[in-house]
Structure formats: structure tokens, C-alpha cells
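Per TrEMBL, these features apply:
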type	residues	note
TRANSMEM	14-32	transmembrane segment
TRANSMEM	53-73	transmembrane segment
TRANSMEM	93-113	transmembrane segment
DOMAIN	157-261	domain 'CAAX prenyl protease 2/Lysostaphin resistance protein A-like'
TRANSMEM	179-203	transmembrane segment
TRANSMEM	223-243	transmembrane segment
TRANSMEM	273-290	transmembrane segment
Amino acid sequence: MERQDAGAGATKTAAVAACIGMAVFYVAILYSPTLILRLPPPNRSNSFLKRRFICAAVSSIVSMIVSILILPITRWDASSLLGVYGIRTDHIWQALVCPLLLTAFMYSGSFALKFLSMLQTSREYFDSGGDLSVACIKSIFLRMIDWVVSKASCMSSWRNYFVAPLTEELVFRACMIPLLLCGEFSTYSVIFFCPVFFSLAHLNHLLEFYLQRNYSLLKACQVVGFQLVYTVIFGAYASFLLIRTGHLTAPLIAHMFCNFMGLPVILSGRSGMVSLVFVLGVVSFSKMLFPLTNPHLYNNEADSCSCWHRYCSWS
């Protein structure tokens with residue numbers, strides 16, 4: 001595809017207005033079943049989550065339609081349209097492995113802490129007279145299977161590790177970033193501007209904490225404020241991954257991994273080794289950020305692209 005005139009289909013005003021509308025709609029539709037459709041509140045958490053899954057899916061589809069109608073698209077075949085959002089099957093292994101490895105560097109402290117905990121547990125086990133028998137190995141294996149099954153059957157796990165990452169990356173990255181890029185915003189402006197929409201979409205948690213969980217207003221503001229800072233930082237990183245690679249799988253796998261791991265462990269009272277390993281991980285992350293996201297790793301060519309493929313001018 002040859003580069004199109006961005007102004008012909010996406011002005012800055014239209015891009016920003018569309019992004020604001022998508023962010024508002026993503027949150028508002030979650031409350032539509034009870035406030036607009038007047039459906040009774042679900043009496044089980046699973047029913048509540050299923051209802052939200054449907055709302056998030058509708059929001060994603062609507063956002064994709066809005067985005068594609070505004071963008072200056074000349075080819076309307078399935079491959080080209082999906083490529084607008086970075087939904088591709090080519091270079092899939094690079095898009096899975098490289099961003100996952102890169103993100104894992106930031107969790108070096110977490111891995112070190114888990115390793116030290118496992119080491120301490122095994123030492124206590126052997127000191128108490130235990131041995132590494134076949135029965136012991138089988139017991140560990142069965143516990144791992146039980147853990148995987150419990151996670152797979154838990155609706156909250158589906159929300160945290162699949163539905164939320166997928167719909168959020170589709171709306172707040174795959175749909176918004178092409179609009180902002182074609183609206184002639186600079187690359188780094190988009191990287192730091194796009195997460196603002198992502199963070200504002202989490203403001204509804206303020207009401208949930210304050211009204212439903214009976215948090216004090218100060219505590220609710222503190223919790224949500226921390227969430228906003230974290231979502232801005234992660235949103236900038238995810239935006240960087242999508243723009244740099246042109247592959248939606250890259251920020252998606254990073255999002256899933258971060259949701260699974262939680263916040264990175266920076267220090268631990270057990271050992272200063274955790275902090276040292278964390279610092280080494282940060283250094284490794286900084287050194288490998290650009291090499292592991294080189295556009296040529298994820299694309300056969302990076303010289304004849306549309307306006308939403310900024311990686312063509314970012315090798």
C-alpha cells in the first residue's frame with residue numbers, strides 16, 4: 001500500500017474527537033444494561049462478568065468501524081482492513097517472543113524473588129527429611145495442573161488475562177493510534193498522548209471504590225491516582241510497541257503478561273539481591289528496547305506504507 005494523504009481522511013480534530021468518543025463509549029456501555037436497557041442487576045459474579053464481556057466486545061467492534069470509516073483507506077480487502085489495526089498472522093513468532101522477552105526484563109526482580117522463595121521452600125523441605133521422590137514430583141505436577149484448570153475455569157481470569165487486554169488493546173491502541181498518526185501527530189506525541197485516553201477510561205473506578213466498596217474519598221482518589229499513573233506508563237509502552245512493530249500481537253502479549261505478573265517487584269526485605277537483579281533488568285530493557293522492536297523483525301518491508309504505519313519512517 002502506498003502512503004496516503006493523512007489530511008484527506010483524518011484531521012487532528014477528527015482524530016481527537018473520535019478517540020474521546022471511543023474512550024467514553026468503552027466505559028459508558030459497561031453500565032448500559034442496567035441504566036439504559038433497565039435489565040436487573042446480575043445476582044452472580046459470573047453473570048456480571050459475562051454481561052461486561054459482551055459490552056466490551058460491542059465497544060470494540062463499534063470503535064473498529066468508526067476508525068476505519070475515518071481513515072483514508074483505498075483497499076477494502078480483509079487483509080488490508082485487518083492490517084490497519086495490526087491484526088496479522090505474519091511474523092507471529094517474532095511478535096510473541098520479542099515483546100514478551102523485553103517485558104520480562106522489567107520483572108527481573110519478581111523472578112528473583114520467586115526463585116529465592118522456591119529455594120527457601122525446597123531447603124526447608126529437605127531439612128525436614130523430605131526427598132525428591134517420584135511421588136513428590138507427581139504431586140507437584142498435579143498441583144500445577146489443578147492451578148491451570150482453576151485459572152481456566154475462573155471468569156475473573158478470563159477478564160484479566162484475555163478479555164480486558166484484547167478489548168483495551170483493540171480500542172485504545174489499534175483503533176486510536178492509526179487515527180492520531182494519520183492526523184499528523186508526531187510519533188512521540190502519539191506515544192505519550194494516546195495513554196491519556198486509556199487512563200481516563202479508568203476514572204469510573206473512582207465511583208466504584210467510593211460508592212460500591214465504601215472507600216473514603218481520599219483513599220479512593222489515592223488508589224485511582226496510582227492506577228492512572230500506572231496505566232499511563234504502561235499505555236505509553238504498549239503504544240510504542242504497536243507503532244514500532246505494526247503488529248497488535250506485540251502490545252497484546254505484553255498486556256497479558258503484565259496483568260498476570262502484577263506490579264514489578266523492586267525491592268524485598270529478604271535480600272538486596274532482588275533490587276540488584278531488578279536494576280540489571282531495567283538496564284537490559286533499556287539496551288534491548290529498540291533492537292527487539294526493530295520494524296524489520298516484524299515486517300517484510302518498511303518503505304511503502306499507509307499513514308498509520310509510522311514504522312516505515314522509524315527504522
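In case you wondered, yes, glycine gets a Cβ from its N, Cα and C as well.
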Helix, strand and coil totals (DSSP H, G, I; E, B; other) for the domain 'CAAX prenyl protease 2/Lysostaphin resistance protein A-like' (157-261): 91 helix, 0 strand, 14 coil
Cβ-based contact of the transmembrane segment (179-203) with the transmembrane segment (273-290), 3 or more pairs under 8 Å: no
Criterion met for the transmembrane segment (93-113) and the transmembrane segment (14-32) (at least three Cβ pairs under 8 Å): no
Cβ contacts under 8 Å made by the transmembrane segment (14-32) with residues that lie 6+ beyond its boundaries: 52, 55-56, 58-59, 62-63, 66-67, 70, 167, 171-172, 175-176, 179-180, 182-183, 185, 194, 197-198, 200-201, 203-204
Positions on the same chain near the transmembrane segment (273-290), where near means CB under 8 A and six or more residues out: 101-102, 105-109, 111-113, 116, 264-267
